[in-house]
Amino acid sequence: MKNSKMVFFKILFIPLLLALAMKGSGINLEDLQSFFFHNFETITLLSFPLLFLLTIYISARPKPVYLVDFSCYLPPSHLKVSVKTLMGHARRVREAGMCWKNEENDHLIEFQQKILERSGLGQETCIPEGLQCFPLQQDMAASRKETEEVIFGALDNLFRNTGVKASDIGILVVNSSTFNPTPSLTSMIVKKYKLRDNIKSLNLGGMGCSAGVIAIDVAKGLLQVHRKTYAIVVSTENITQNLYLGKNKSMLVTNCLFRVGGAAVLLSNRSRDRVRAKYELVHTVRIHTGSDDRSFECATQEEDEDGIIGVTLTKNLPMVAARTLRINIATLGPLVLPMKEKLAFFVTFVKKKYFKPDLKNYTPDFKLAFEHFCIHAGGRALIDELEKNLELSPLHVEASRMTLHRFGNTSSSSIWYELAYTEAKGRMKEGDRVWQIALGSGFKCNSSVWVALRNIKPSVNNPWEDCMDRYPVEIDI
């Protein structure tokens, strides 16, 4: 017992005593050594509460979530369509299947043509095989084929690049808004890659273009509970089943914007993965304004007057999006902005509320909080509005504009194509902060904040590697 006391004393207390003695504190080393030695049991008992509290703190604090790598699906070249080819095919389909007058049919084609010309989409966006053939193939088999090619293509590349075994995956979260077959998409992945029996899998549906951030947030929560494991997040959308062939103009807009795409993300809560991880997740902020009727109804999947299913976009959409975005920004701002910006915002708020009601709202400078912005490539108007309201430079929204031009609106996966663009340009440096922001039906606005853990090079088979030398391109306004 005496020897064990001496070992304990030497390990824990002698370094402290020597440090104090070296500082000339006047403490007698022999007296302190004698005190600790003869009161060993008392000191040990008094230490237990401190050790207990320390243990609780360590176990209760949030575990870091690392983004090891991610992969975006690159569609094969035969799926690329120019605007001219797309409109020619659309005209042929309508002339063969529509029962209304040719004049009305021509008017609908012209309407879509104008939207495409102003959309910001380029000449190499991709649509699935089922929509390129004649007659169209929109059955379950064609839809499942599109989704399998996208998801498996992204996952195959992710597994190759990371070397992670399928048996190491403990959590799987998949989001697809409108295509949710039975068995589920998560079951499809489990079967393909032979994932383990006790995997925690979730399939998120009906959440629109902002569902990618929701899936990240869900995975983050599960990684706080299940220790030392990997989580895979897959974000995609199905185009085959969602082509609208009616005559309601508010439902035709989605035909012009949405294209094939998807992404797979590998997350980890293992401390040893920090060395090879690209990013660490800092914050997620989710805002849902669905309790308001206008928010709930501004983007709705429903039947038109002829019984044809499509997604209706109402005139309230811009107003709802702006309001939901403001709430998200107000929630995120205190978490990321420097003190100077917080103070300026508070002072303006007080002045406006109590002294000058007409005073213009203060817009915080988020460029002080982030080096990179990944704004959901939902359309040129959305990117324009956020660039204006957040007072961003063209460089800050370049990734979003180029993603929209090259890949179109790939729904919830667009923010990953944008991050891949930034990496491919060699702009991501250690310590850089990234803001991913997406808006979607419901209505929702969700944000995720990442910090780069090193100078990041693009992963193998980055979706931009075959065309990076051509970007950025000039986009006609």
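Each residue, glycine too, has its Cβ placed from N, Cα and C.
Remember, it's a predicted structure, so these values are computed and weren't measured experimentally.
Taken from TrEMBL, the feature signal peptide covers 1-26.
TrEMBL lists 58-353 with the feature domain 'FAE'.
Cβ neighbour count for CYS209 (active site): 28 (other Cβ atoms within 10 Å of its Cβ, all protein chains included). The feature active site is assigned by TrEMBL to CYS209 (among others).
For HIS288 (among others), the entry in TrEMBL reads active site. The Cβ of HIS288 (active site) lies under 8 Å from the Cβ of GLY442, PHE443, LYS444, each of these being in the same chain and 6 or more residues away along the sequence.
Over the domain 'Beta-ketoacyl-[acyl-carrier-protein] synthase III C-terminal' (371-450), the average per-residue pLDDT in this prediction is 96. Taken from TrEMBL, the feature domain 'Beta-ketoacyl-[acyl-carrier-protein] synthase III C-terminal' applies to 371-450.
For HIS372 (active site), the same-chain residues 6+ apart in sequence whose C-beta sits under 8 angstroms from its C-beta are HIS396, ALA399, LEU419, THR422, ARG427, MET428, ASP432, ARG433, VAL434, TRP435. Residues annotated as active site in TrEMBL: HIS372 (among others).
Of all Cβ atoms in the shown protein chains, 31 besides its own fall within 10 Å of the Cβ of HIS376 (active site). The active site feature in TrEMBL is assigned to HIS376 (among others).
Sequence-distant neighbours of HIS405 (active site) (same chain, six or more apart, CB under 8 Å from its CB) are GLY120, LEU121, GLY122, VAL473, ILE475, listed in sequence order. The active site feature in TrEMBL is assigned to HIS405 (among others).
If you look up TrEMBL, you'll see ASN409 (among others) marked as active site. All chains included, 25 other C-beta atoms sit within 10 angstroms of the C-beta of ASN409 (active site).
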Secondary structure tally of the domain 'Beta-ketoacyl-[acyl-carrier-protein] synthase III C-terminal' (371-450) (DSSP, helix then strand then coil): 34 helix, 20 strand, 26 coil
Distance, HIS376 (active site) to ASN409 (active site) (CA atoms, angstrom): 8
